[in-house]
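Enquirer: Okay, handing you the structure first.
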Amino acid sequence: MSYQGRARKFLESASIDVGDMVLVEKPDVTYEGMVLDRADDADDRHIVLKLENGYNIGVEISDARIELLEKGSEPRIELPPVEAAEDPELPDVSIISTGGTVASIIDYRTGAVHPAFTADDLLRANPELLDIANIRGRAVFNILSENMKPEYWVETARAVYGEIKDGADGVVVAHGTDTMHYTSAALSFMLRTPVPVVFTGAQRSSDRPSSDASLNIQCSVRAATSEIAEVTVCMHATMDDLSCHLHRGVKVRKMHTSRRDTFRSMNALPLAEVTPDGIKILEENYRKRGSDELELSDRVEERVAFIKSYPGISPDIIKWHLDEGYRGIVIEGTGLGHCPDTLIPVIGEAHDMGVPVAMTSQCLNGRVNMNVYSTGRRLLQAGVIPCDDMLPEVAYVKMCWVLGQTDDPEMAREMMRENIAGEINERTSIAYFRG
């Protein structure tokens with residue numbers, strides 16, 4: 001039981017546990033229902049009941065009396081196995097979970113939440129997958145995506161590598177949406193893959209009528225059977241439940257806090273439009289299935305700073321990172337790739353110390369061009385690495401990966417300027433900007 005403080009004492013005073021049926025009386029209303037657990041960080045002034053009509057309510061306890069009606073057991077989900085024989089005519093797709101909204105199912109009777117990443121769980125929630133591929137599923141870990149770290153990128157890459165090595169024809173990675181584009185970029189650099197690797201998630205949980213989880217999973221499995229052998233992100237194309245877009249893993253970004261079509265290709269077109277029934281190629285320039293040998297380069301350097309330029313930013317911010325031993329810096333600059341000229345001397349110091357400093361743009365659309373204005377030219381003279389049309393988050397991830405491959409500052413500069421996974425376009429088309 002996760003209840004703490006006053007709420008816990010309130011329940012314990014009547015020998016009540018999670019799962020028990022209770023009567024709660026307040027001065028003007030009486031409730032009967034099952035006691036549900038709460039999050040660890042919830043306040044201690046309320047308890048949660050599941051009423052007979054299926055709704056969950058919070059009850060403030062300061063003026064309440066509680067009575068045990070019937071002992072129960074803590075809500076849990078017990079599901080029968082799924083009878084599904086492998087179809088030798090279908091491809092084999094592995095689905096691995098790192099956590100997030102898409103990675104759970106909910107028991108509407110009890111309110112219990114269950115991590116949903118055995119093959120049985122996936123097929124029970126999405127029986128349509130049986131028409132697309134043979135499915136195997138497992139959880140690598142279960143964390144909120146805001147708690148992702150570079151070490152988890154490595155663990156995810158190794159898990160995907162293992163699935164492909166074991167014969168998977170495609171891999172789907174279920175991930176929380178907040179930092180999915182960081183992890184998709186990381187695996188784009190770490191893996192050379194002969195098969196599709198598709199990231200997906202959900203903006204809205206499966207207990208909501210507007211959930212996007214089912215379509216995203218189905219379309220992702222379909223994409224994992226395609227000929228696009230790259231690391232990609234597959235999420236809703238529009239607010240409607242019609243199709244998903246397949247985005248290159250280094251050219252995608254979460255662009256809205258809550259919309260189901262939050263993920264957008266930036267400085268690029270989506271690679272494909274996907275439905276559970278098929279895939280329509282939108283961009284012909286992609287790595288084809290079987291064109292690369294499987295390869296894993298998973299060393300990363302975590303001591304990389306990601307710094308946003310803003311009016312009044314102090315040079316001490318960069319100096320602090322240098323004093324703390326950071327090995328690389330990525331600046332999210334303004335406009336064409338600028339920052340206040342007060343930063344230029346300390347950026348020059350970083351360059352002289354062998355710490356590469358890369359420049360991206362907060363504009364997201366378009367590309368860095370540091371030859372237009374004097375500030376940009378002075379930054380180039382100080383040793384800044386221009387990142388063309390690379391997204392800021394991708395440049396940060398790439399710097400972590402590059403510095404895991406080399407200690408040589410000049411080699412790091414060359415690698416940052418090299419188009420390794422489709423993160424840099426030779427030119428930026430007006431077709432890429434939606435406005």
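Yeah, the Cβs are placed from backbone N, Cα and C, and that goes for glycine too.
Checked Swiss-Prot, it gives:
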DOMAIN    91-419  domain 'Asparaginase/glutaminase'
ACT_SITE  Thr101  active site
ACT_SITE  Thr177  active site
ACT_SITE  Asp178  active site
ACT_SITE  Lys254  active site
Enquirer: Compute the C-alpha separation of Asp178 (active site) from Lys254 (active site), stating it in Å without decimals.
Expert: 7
Enquirer: Report the member of Thr177, Asp178, Lys254 (the active-site residues) whose C-beta atom has the most other C-beta atoms within 10 angstroms.
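Expert: Buried the deepest by this measure is Thr177.
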Enquirer: Give, as a single whole number between 0 and 100, the mean pLDDT over the domain 'Asparaginase/glutaminase' (91-419).
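Expert: Value for the domain 'Asparaginase/glutaminase' (91-419), mean pLDDT as a whole number: 93.
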Enquirer: Just to verify a number: CA distance, Thr177 (active site) to Lys254 (active site), in angstrom, no decimals.
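Expert: Their Cα atoms are separated by 8 Å.
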